[in-house]
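Reading through the structure tokens given below for one structure.
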Amino acid sequence: MNSQQCVIIGIAGASASGKSLIAQTIFEELKRDLGTDQIGVINEDAYYRDQSHMTMEDRVKTNYDHPKALDHQLLAEHLKQLKKGEQVNIPCYSYKEHTRMTKTLDMQPKKVIILEGILLLTDPKLRELMDASVFMDTPLDICFLRRLTRDVAERGRTMESVISQYKATVRPMFLQFIEPSKQHADIIVPRGGKNRIATDILKARIQHLLAR
Ligand SMILES: Nc1ncnc2c1ncn2[C@@H]1O[C@H](COP(=O)(O)OP(=O)(O)O)[C@@H](O)[C@H]1O
Ligand SMILES: O=c1ccn([C@@H]2O[C@H](COP(=O)(O)O)[C@@H](O)[C@H]2O)c(=O)[nH]1
């Protein structure tokens, strides 16, 4: 597989803006045409730095919304390897333990990689690897309400911890890093992950890139 055959689409935006939902929708709908083994989703969160050497007390103090919390270097290397037709071992991250798990996920090269994560568009070396980029422009109050519900239900958080983390780091880092990165997006998607027209436009663009 040469580099022309690996299309990488980057989807960024606030936490709980609908990145995973739109990525998953595109994955499910395109895998019917391309085959399950020819399209994959990579979550930037898998590249949070390993914190297994730290105590839980210290792990909860990490600013997870600052670019330095993520190993973008490793993510960029993995994307380059996939583009070259090589297999990679993607780290697995636990939001409950706030660290990497020992297992990794084997990913074989694919025709299409959908990359999704809050800080992807802040990094020039990642932008360089993308064939198209998207920013989910969901209102921040809606994102906060969705994050509160999701993190309590799925990520082992209390309502109080979600609120204090939101005030201390999530909102300030959104304003400092994530929102300004919108200028780098090719497509800005309003409302969220259920935006049908935006989903169809992205699917059509992927098909167009594959047909080159
Ligand atoms: N348009 C929408 N309407 C209702 N719920 C939504 C919508 N988009 C996303 N959600 C829900 O909000 C939560 C966060 O969405 P998710 O796609 O996981 O966000 P992200 O990946 O950006 O953090 C999930 O529980 C998801 O099902
Ligand atoms: O250990 C961790 C790692 C990450 N977070 C939060 O996750 C979001 C990013 O994930 P989304 O799926 O885009 O919401 C980020 O805002 C971090 O604050 C965490 O709380 N703990």
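Including glycine, each Cβ sits where the backbone N, Cα and C put it.
TrEMBL labels come from automatic prediction, so no person has curated them.
What you are looking at is a predicted structure, and each value in this text was computed from that prediction instead of being measured.
The ATP binding site feature in TrEMBL is assigned to GLY13, ALA14, SER15, ALA16, SER17, GLY18, LYS19, SER20. In the three-state DSSP assignment, the secondary structure recorded for LYS19 (ATP binding site) is helix.
Annotation source TrEMBL lists domain 'Phosphoribulokinase/uridine kinase' at 8-197.
With respect to ligand 1, the binding-site residues ALA14, SER15, ALA16 contribute SER15, ALA16 as residues with a C-beta closer than 6 angstroms to one of its atoms, given in sequence order. Each of the binding-site residues SER15, SER17, SER20 was scored by the number of other CB atoms within 10 A of its CB, and the lowest score belongs to SER20. The Cβ of ALA16 (ATP binding site) lies under 8 Å from the Cβ of THR138, CYS143, PHE144, ARG146, ARG147, ARG150, each of which sits 6+ residues away along the same chain. With a CB cut-off of under 6 A applied against ligand 2, the binding-site residues GLY13, SER15, ALA16, GLY18 are reduced to SER15, ALA16.
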